[in-house]
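Presented below is the structure to which this report refers.
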């Protein structure tokens, strides 16, 4: 497994691969890797000839400095997971490598996909995501890029951003990986106590119940949202950030539940913010 720390090192290696007509897959991460990330590596291995993983905690996407300071880091463990996952190259840059002149005063947006959800509750977050992704894509020049659908809005944004700017990369969304009890895997889960982990299971239960209500024939999104909210409100430890029932393709509100549907939630348990979602399709009548 190759470890690169500069864009120049990556460029040399990727050029070699592409000269051999190899397809390059890319999984951008912020480290503290878990089985969810490993599943992205497997998807990449199934699609591309070479797998590149970046590990970089991007300061530009944190609207809360304390959240950035507390983000867990385990580089040695991450490298072991990458090696066992048959990753070909790991990009381990420093902040000064990605932003040699500091974080630039530039705003990258896809406005029609940034009117709700995390774009509203975490102002500046996705601008920072799009900034770092544009730089990483420029360095790696991947043919494919893999994103977990747990961060569903991020996946849609990056896909649309690449389409708008004509990045020659296919953005592929991968299904959320969960614990045996249903909790969506996240690096932030490590900051939860055992009691808080039990409480956090209400997030996936609420979303699953919402999905079941829709599949049972309920057409009113307000009714479904209220049912899910009752589940989350049953715990005094859960503080709701948002809970939405939206069109899964446009992130617009729905008046009637049909077509591609997204159920999305963000909550705080203590100081830890967790997100989760479910998508489903209901045929139009």
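Yeah, the Cβs are placed from backbone N, Cα and C, and that goes for glycine too.
What Swiss-Prot records for this protein:
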type	residues	note
BINDING	30-37, 148-151, 177, 185-188	ATP binding site
ACT_SITE	37	active site, proton donor
BINDING	61, 154	(R)-pantoate binding site
BINDING	61	beta-alanine binding site
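Locations of recorded Swiss-Prot features on the structure.
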residue: 30; record: ATP binding site; DSSP (3 states): coil
residue: 36; record: ATP binding site; DSSP (3 states): helix
residue: 61; record: (R)-pantoate binding site; DSSP (3 states): helix
residue: 149; record: ATP binding site; DSSP (3 states): helix
residue: 154; record: (R)-pantoate binding site; DSSP (3 states): helix
residue: 177; record: ATP binding site; DSSP (3 states): coil
residue: 187; record: ATP binding site; DSSP (3 states): helix
Residue 37 (active site, proton donor), number of other Cβ atoms within 10 Å: 24
Sparsest Cβ surroundings (other CB atoms within 10 Å) among the binding-site residues 61, 154: 61
Residue 177 (ATP binding site) and residue 154 ((R)-pantoate binding site), Cα-Cα, nearest whole angstrom: 16
CB within-chain contacts under 8 A for residue 149 (ATP binding site), separation at least 6: 155, 173, 174, 175, 176, 277, 279
Separation of alpha carbons, residue 61 ((R)-pantoate binding site) and residue 30 (ATP binding site) (Å): 11
Cβ neighbour count within 10 Å of residue 30 (ATP binding site): 19
Pairwise CA distance, the residue listed as 'active site, proton donor' versus residue 61 ((R)-pantoate binding site), rounded so that it is a whole Å: 19
Residue 61 ((R)-pantoate binding site) and residue 187 (ATP binding site), Cα-Cα, nearest whole angstrom: 16
Protein Cβ atoms within 10 Å of residue 36 (ATP binding site), excluding its own: 19
Spatial separation of residue 36 (ATP binding site) from residue 61 ((R)-pantoate binding site) - C-alpha basis, Å: 20
